[in-house]
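Enquirer: My questions all concern the structure below.
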Amino acid sequence: MSISFNVPPCVGTEIEYVADAINKHKICGDGEYTKKCNAWIEEKTGTPKALLTTSCTHATEMAALLADIQPGDEVIMPSYTFVSTADAFVLRGAKVVFVDIRPDTMNIDENKIEAAITKKTKAIVPVHYAGVSCEMDTIMDIARRHNLAVIEDAAQGIMSTYKGKALGTIGDYGCYSFHETKNYSMGEGGAILIKSPDMAERAEIIREKGTNRAKFFRGQIDKYTWVDAGSSYLPSELNAAYLYAQLQVADKIYDNRMAAWNKYYELLSPLADSGKIDLPVVPEGCVHNAHMFYIKAKDIEERTRFISYMKEAGIGCVFHYIPLHSAPAGRKYGRFHGEDIYTTKESERLVRLPMFYGITEEQVEFICDRVKAFYS
Ligand SMILES: *Cc1c(COP(=O)(O)O)cnc(C)c1O
């Protein structure tokens with residue numbers, strides 16, 4: 001048996017929808033499929049406004065523009081995250097202030113944020129790692145008291161909730177990813193969720209090269225024109241059609257991934273009980289989406305041996321992220337506030353096991369057998 005780390009999701013109806021978009025001669029952005037995806041996200045999450053974008057990176061860039069991030073502003077985020085979280089703000093000239101993570105969820109430690117706030121702080125960017133929510137009540141309370149924007153990097157968090165609220169709808173802006181490594185995909189793509197109706201119109205303008213084209217197409221104005229600075233953040237209909245096929249069967253994808261996640265958890269619990277590995281933690285109040293299954297080895301040396309052992313067995317296991325504050329750009333554009341107690345240490349222990357739509361119970365059993373063999 002050979003098991004890849006990831007297989008891009010495909011449910012079978014994608015080709016039909018993509019062909020339909022081609023046959024209707026509507027392949028640029030904001031056609032029928034894009035609108036269906038936007039509406040699906042709005043209905044599913046309860047957000048007043050969702051707009052498909054070309055990526056989660058671009059959704060975050062839009063959020064940085066909407067939050068009016070200026071050169072010299074400071075933005076607080078974890079260092080244990082993907083580069084896009086920081087890039088979107090660095091492009092606006094902001095300084096990134098990294099705060100340590102919690103070892104249980106790998107999310108930003110909500111109790112260390114307030115000490116990192118200065119007069120220059122403009123926003124907090126919680127990253128919901130593995131689709132498990134950050135402690136949003138505390139984060140929103142801090143943001144309210146200090147008048148800061150909250151931009152949720154919910155790239156991994158679609159279909160997850162925190163105290164009943166969909167991730168991406170709690171802060172001012174939420175950013176989803178539909179990259180091929182995510183639960184629902186369009187190859188490359190994402191979405192921005194916008195809480196304030198006032199900002200929704202500006203978001204449409206920024207996404208359409210700074211024009212009020214969206215208003216024009218709704219018949220609200222009779223000519224469209226250049227009204228603001230913007231860019232092109234709308235994806236092609238071909239990509240939206242691919243995604244819509246998956247959103248229609250979102251629960252089926254969710255159930256399959258959750259069954260695999262629960263199987264992993266059940267089969268690997270004995271190893272965790274005997275202290276050999278650590279397993280993911282899902283705090284009270286959080287419902288996750290089985291985006292990822294990871295284990296934590298003792299240290300980086302054991303993890304390296306584990307990954308090669310699994311590779312020999314035909315199983316793709318990967319690690320991420322190199323903490324941003326230790327990367328060359330992280331040193332240039334950011335600083336770590338406080339002590340790095342867990343970020344580096346825990347990032348060196350974490351390894352992800354195969355997880356994708358269509359993974360079977362037999363495959364999960366096979367993988368867990370190899371994990372157990374490694375630790376015996
Ligand atoms: C995948 C991911 C992104 C980037 O998503 P793209 O759609 O590829 O731009 C950003 N942040 C996190 C935490 C991610 O996992």
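Just so you know, glycine gets a Cβ as well, placed from its N, Cα and C.
As listed in TrEMBL for this protein:
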type	residues	note
ACT_SITE	K182	active site, proton acceptor
MOD_RES	K182	N6-(pyridoxal phosphate)lysine
Enquirer: Near the Cβ of the residue listed as 'active site, proton acceptor', how many other Cβ atoms are there if near means within 10 Å?
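Expert: The residue listed as 'active site, proton acceptor' is surrounded by 23 other Cβ atoms within 10 Å.
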Enquirer: So, in DSSP terms, is the residue listed as 'active site, proton acceptor' helix, strand, or coil?
Expert: coil
